[in-house]
Amino acid sequence: CCPKGVKCPWVNLLPASDVNALCSYCRAAVLGSPREMMKHAWDNYKRYAWGLNELKPISKQGHSSNLFGNIQGATIVDALDTLYIMEMKEEFKEAKDWVEKNLDFNVNAEISVFEVNIRFVGGLLSAYYLSGEEIFRKKAVELGEKLLPAFNTPTGIPWALLNIKSGIGRNWPWASGGSSILAEFGTLHLEFVHLSHLSGNPVFAEKVMNIRKVLNRLDKPEGLYPNYLNPSSGQWGQHHVSIGGLGDSFYEYLLKAWLMSDKTDEEGKKMYYDAVQAIETHLIRKSSGGLTYIAEWKGGLLEHKMGHLTCFAGGMFALGADGAPSDKTGHHIELGAEIARTCHESYDRTSMKLGPEAFRFDGGVEAIATRQNEKYYILRPEVIETYMYMWRLTHDPKYRQWAWEAVEALEKHCRVDGGYSGIRDVYNNHESHDDVQQSFFLSETLKYLYLLFSDDDILPFEHWVFNTEAHPLPILHKEDGSKEEKQK
């Protein structure tokens, strides 16, 4: 057990039932551990919102987002692999039973293709690869087939929204003159390649490879990819560029497509490293206080703002360091470390030690949110995600220390009797909860925390890549052909 006064994050690997056998110091540590946090989040979802998409932990009732249409059970499907990895066997079994009996895609409703893909398709694929249970493969392929009509556009760039009964698609009305969004149509690749692998039907992979063809034919302003692309004309919409919302996971999936292909997808590799070069030249800046940040680009002008979503990029740069030109490997790791430090500062400069939705580097402030509508925290994972990658790739203990600070802040400010809630203003000394336990808190935030304090041989990077919802997908090794890869 730990010496008095020293926190011991290792005890998070104990079964929750063993907590009472620990000394008071270790017990305090385990009660704030990712596994126990997962149990609290799951048990309350089960108690108050079972079968619905998400939980309202203050109201103690279900919460449904219109992103999923009438499809239900987002938290169940998103949490399957976390339950499995944490060896919460009873909970995994009840989740599997619900999927078998109740997960229904025959609904007359409009869904977000992107959200349903990353949470439902990704969650089902991971659950299949981890457990080998056929029901997950079957459901993943069934849902993948329902998403295919989204690609019925003049260019093959998919619609953002799809009625999965009628097959009619459209784009968000606010998105630059009917455009599709880079982060949405660019974040289908990993899942659709696996759908082809598991179904034997090449159509899924063909659809996402065609997206690459369209992008490669287009001129990129300064080598950058704008966030908006019109699926009818095949031309860019507004020249806004972001590595945060609207752009983020497109870049992540270029790198991970190359890694998932056992480093055979040379096109994905080239697109990723070329994009990083342009991002470094045009978007990455250093504040007068020495903080490296990634600005947003609007028609050639920089907005010196960085979103919480952008904080994933520290982990991305570090993960991609090994494949960079040999003289750039150390530079990419250092870039990841600098982004991690900036994002840690965005947490550390708040009252609650949790990061705001966006923070700015102008008007005399650094890494601080200045607008009221950017001060909220909705249990997002991106900063912890970057800590996890930086820990795995450098083993610098500060990343575990920073992650533990986040655990303590989550426990102090977000934990309520009925689960975990987001916060409306992280600069306030008094919590105002938003009353939503997001499904990605169970899928991403708690999984990344668990992996941070676990040995590296749990989901090792040489065998797995994580989709943008933290669902692990196996690398398709060259020798596997179309054989199912079930590396554990």
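Including glycine, each Cβ sits where the backbone N, Cα and C put it.
For CYS311, the cysteine that TrEMBL lists as its disulphide partner among CYS343, CYS414 is CYS343. Spatially close to CYS343 (disulfide bond) yet at least six residues away along the chain are HIS308, CYS311, GLY314, GLY355, GLU382, VAL383, THR386, judged by Cβ distances under 8 angstroms. Least crowded of the active-site residues (GLU357, GLU382), judged by neighbouring Cβ atoms within 10 Å of its own Cβ: GLU357.
With every protein chain in view, the residue among the recorded positions GLU115, ASP248, CYS311, THR468 whose Cβ has the most Cβ partners within 10 Å turns out to be CYS311. Take the Cα of GLU357 (active site, proton donor) and measure to each of the recorded positions GLU115, ASP248, THR468: the nearest one is ASP248.
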